[in-house]
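TrEMBL annotations:
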type	residues	note
DOMAIN	B:76-258	domain 'ABC transmembrane type-1'
TRANSMEM	B:15-34	transmembrane segment
TRANSMEM	B:72-100	transmembrane segment
TRANSMEM	B:112-134	transmembrane segment
TRANSMEM	B:141-161	transmembrane segment
TRANSMEM	B:186-206	transmembrane segment
TRANSMEM	B:213-234	transmembrane segment
TRANSMEM	B:240-258	transmembrane segment
């Protein structure tokens, strides 16, 4: 960062000012005009790349609100068809989250630089976790449908992988910041590393681990809702189908049920997360 | 009884609570197992998995390093442009909504209604907005921009509100006492407090929007998602590999630089 600052000072030399008592001071130029210029160029370029046109927006934008208004009131008769896919969505995210969080523990153990001596194991695990975390869940689900076929299994696998990466990352950061005193004491009385981890580190990180897992589960319910778009099971399939048929009142019903489900799950999970803290 | 034993017995016991919770959790886990149907796995799955891994390790380098408008680099730039423009529009639209839902600025009923609106905007997944905008404007990156803008509003406004409600009002009072006008109070009392926070929130959202934008292509809203799904449906795993490598590298770079920038902004 320092190198950059020096180059910046050379390009835009600091302004010299003379105080009333004759002393000369240097005022550093603010980088803000430069940042604004860069942002402005980026903005113009983005507008060009994305074919952004206000004219179209003003002409057609109203259509969007017409669609939204068609969703109200939702078709209540559609509700009975929704239970099965909705339950599938919840089951997918629950199974994926539970398995992912459980597998995250050994993964985080391997990625924690204070527990594993071999540098390369730590680095490889960390890189794998980062890659898994950056892959969008929908893309993972799409790949999974090729391997596991269409259906809930593909969605569960996608959610499992994301949870593993997300919880794994937060957990190894926790482990690396944990107090090592008890761990060293247990090792010195002859416990193996895994045993010492189990009795000295794990209790320290357990509340946070459970809380992260619950939080991830909340998010996963939202993700799972759209995974059906790529054929990975759940309610997303219906959403896509109904939008395709322009049956917006049913779309409204699906979105309403989804909102209620997400709200209920968030309330329950928040209750438990507060207890854990 | 020695000290250690005393300490052992002094620890709180809530076995009943723990056991009940575990049983419920285990029951839910078994229930969720019924969702998975292993019979669906096709015989070819293993072979496809092998091909995918081979494709990712032998990416189509020509596609990856191509600078024309079919190459991965251009597609990534398009994805960044969608996320960037969407974030800018969304963050401007979110400012009035945030002030309207801040309970220390507007009356309670107004803030409550705006909050409900924001929750409604936040609940709908980005992909659904994308599908709706395609009905309105057609396929293309422009649709992606509008989708990202709309999706961002919900979360941006929510985070803005937290910043606004944490405003230090004593500064405004002292400015009133030395005779500042309303404009001066806003310019020197409010903007400096909010600007860094808002900027940090915007950068954070840009990071998220980049992920969203990379997925939106799957529904035809521009960016790198569309070529990805075409390559997959045609089983061209080398192309899939190069697109995925580009995507992962880009997201990791943006995540890293956004974290650094935000740390600088917040710590001053």
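Note that Cβ sites are derived from N, Cα and C of the backbone, with glycine treated the same way.
Here the listed stretches are B:15-34, B:141-161, B:213-234, and the one with the most C-beta pairs under 8 angstroms to the transmembrane segment (B:72-100) is B:141-161. Counting C-beta pairs under 8 angstroms (sequence separation of 6 or more), the transmembrane segment (B:112-134) reaches the transmembrane segment (B:213-234) with 3 or more such pairs.
As a quick check, the transmembrane segment (B:186-206) and the transmembrane segment (B:213-234) miss the bar of 3 or more Cβ pairs under 8 A, pairs 6 or more apart, so the two do not touch.
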